[in-house]
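*Asks:* Pasting the relevant annotations from Swiss-Prot:
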| type | residues | note |
| --- | --- | --- |
| BINDING | Asp9, Asp104 | Mg(2+) binding site |
| DOMAIN | 5-187 | domain 'UmuC' |
| REGION | 364-383 | region 'Disordered' |
| REGION | 429-449 | region 'Disordered' |
| SITE | Phe14 | site 'Substrate discrimination' |
Amino acid sequence: MQRWVLHIDMDAFFASCEQLTRPTLRGRPVLVGGVSGRGVVAGASYEARKFGARSAMPMHQAKARVGFGAVVVTPRHIVYSAASRRVFQIVEKRAGIVERLSIDEGFMEPEALVGATPEEVKQWAEELRAEIKEVTGLPSSVGAGSGKQIAKIGSGEAKPDGVFVVPVDKQHDLLDPLPVGALWGVGPVTGSKLASMGVETIGDLAALTQKEVEISLGATIGISLWNLARGIDDRPVEPRAEAKQISQEHTYEKDLLTRQQVDAAIIRSAEGAHRRLLKDGRGARTVSVKLRMADFRIESRSYTLSYATDDYATLEATAFRLARYPGEVGPIRLVGVSFSGLEESRQDILFPELDQQIIVPPAPDTDYEVGVQSSSSSESTQVEAPQDVALSMWCATQDVYHPEYGHGWVQGAGHGVVSVRFETRSTTKGRTKSFSMDDPDLTPADPLDSLDWADWFAENGETGDDE
C-alpha cells in the first residue's frame, strides 16, 4: 500500500511569531536578529525576503537590502519555543509519532493516510494547517511523498502557506531536474566528486549504474544517495533525541601558522555552529573551542556563562577568550567551536543587558534606525537606538508592562524618554505612549505575555507571567 510521509515547516517562523504578537509589524519587512556589528539574521519575514534578505545573512547586509523600511527585532526564543510546543502539540494529536527536526519543522507518517489517494492526503494536510492557523495564528506549509526526501522537497515547493503532494508516478518529474546538492547527504566534498563525474542533477545521479556509484562514492553512502535520487527512501519516521551539544569544526589541509588564520577559522566554525543553534531554537550557556595541533595533540577549553543566550556577538567573543594561537601551542590543523548547556529558559530575553557582560558595547551605529511605514496610513513606527541607549535600562523591542496600558514593547529609548507600543496577539494594532525612562509604573515584562495564551499555559503547566 502507498506510504505517505509528510513534512511540516512553519513559514518564516521567528518573524511570523513577531508579527503575530506585535500586530503593528504585520505585512512589514521584519528582520529578527542581533543588531551588533557582527549580528546575523535569525529570521526574515516574507516581506523582507522579497528584497533578498534571508536567514544567516549579516544583519548590516540584510538591512541594506531591505532599506529604511526594515524593522529589526531582537530574537525572543522563549516566545518561539512556546509557539513551537503548541504547534507540535496539535501535530502530534493528529498524526501520532512526529520526528522533530528543529523548532519549526518535523516529519510525520499518519496511520490514517496509509493507502490514501493524493487528494485525501492533501485534504488531511489542509485540515492540519487550518487547525494550526486557527489555534495559534501561525502559517505553515506541508509537503507529502513516499519518503522523507520527497516530503521535505515538497514542503519547500508548498511555501508559503500551502500544501504540495507528490504522487509516486510524479516524483521523478520533481527530483530529476533538481541540483544534486538538494539531496540529503550531499555536501561540498561529495558534490565536488559528483561534479568531476559530470553529475550535476539528481537525474544524472539516478542514471548511473550501481557499479559506477559504488566505485565512485562507496557501497554504503554512495548507494544510499543513489537510492534517494531514484526516489527510494524507506527511512522510518521516529522521534529524535534532543541534542545536548551543537558544534562545527573544520580540518585544514595546510597548518594554521598565524593568529589571523586561527581567528578566521574560529569565526568560520562559530558562524556554522550558530546557524544550527538558531535552527534548534535554544540558547547556549557553555562555549567550547577545540584545537588539534599538527602533532595530533588535542586541546579543548570551555567557558560557562551565567545565562543561556543565542546572541552571536556574545558567543563569538567568548570563543575568542578561549582561543590559543600557534605561538603558544604550535601549528594548528583543526579548529572547532561548540555550544552546550542548551536551554529554552532565556534570562537575556528579560534582561538584555546580560549580553553586554562579555562584549564591550560598540559605538552607536548611526544606520541602526529602522522604521515601519503603513501603506494605508501616514502614521509610522520608529524602532531606534540613539546614542544614550547604553545608559538606559530599556532596549528597542524589549517587552514591558504598564498597569494602565498593559503589555507592550519598546520602540525607542533616548533623551530621557522611552516610547512603547501597547499590543499583543489578541489586540489590534496598538497605540504608542511615551514615558520618562525612570517611570516607576513601567517595568520589564515576560515576553510570553505577548502571546496572550494564559489558559493554555495554565493547562500545560507553563507560565506566561513574571511570577
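Cβ atoms are placed via backbone N, Cα and C, with glycine included.
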*Asks:* Report, in whole Å, the straight Cα-to-Cα distance of Phe14 (site 'Substrate discrimination') from Asp104 (Mg(2+) binding site).
*Replies:* 9
*Asks:* I'd like the Cβ neighbour count for Asp104 (Mg(2+) binding site), meaning other Cβ atoms within 10 Å of its Cβ, all protein chains included.
*Replies:* 25
*Asks:* For Asp9 (Mg(2+) binding site), what is the secondary structure by DSSP, using just helix, strand and coil?
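*Replies:* Asp9 (Mg(2+) binding site) sits in a strand per DSSP.
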*Asks:* Could you give me the DSSP helix, strand and coil counts for the region 'Disordered' (429-449)?
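*Replies:* The breakdown for the region 'Disordered' (429-449) reads 3 helix, 7 strand, 11 coil.
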*Asks:* Do any residues at least six apart in sequence from Phe14 (site 'Substrate discrimination'), in the same chain, have a Cβ closer than 8 Å to its Cβ, and if so which, in order?
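*Replies:* Those within reach of Phe14 (site 'Substrate discrimination'), by Cβ under 8 Å and sequence separation of 6 or more, are Val32, Ala42, Gly43, Pro75, Tyr80.
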*Asks:* Just counting, how many other CB atoms are there within 10 A of the CB of Asp9 (Mg(2+) binding site)?
*Replies:* 21
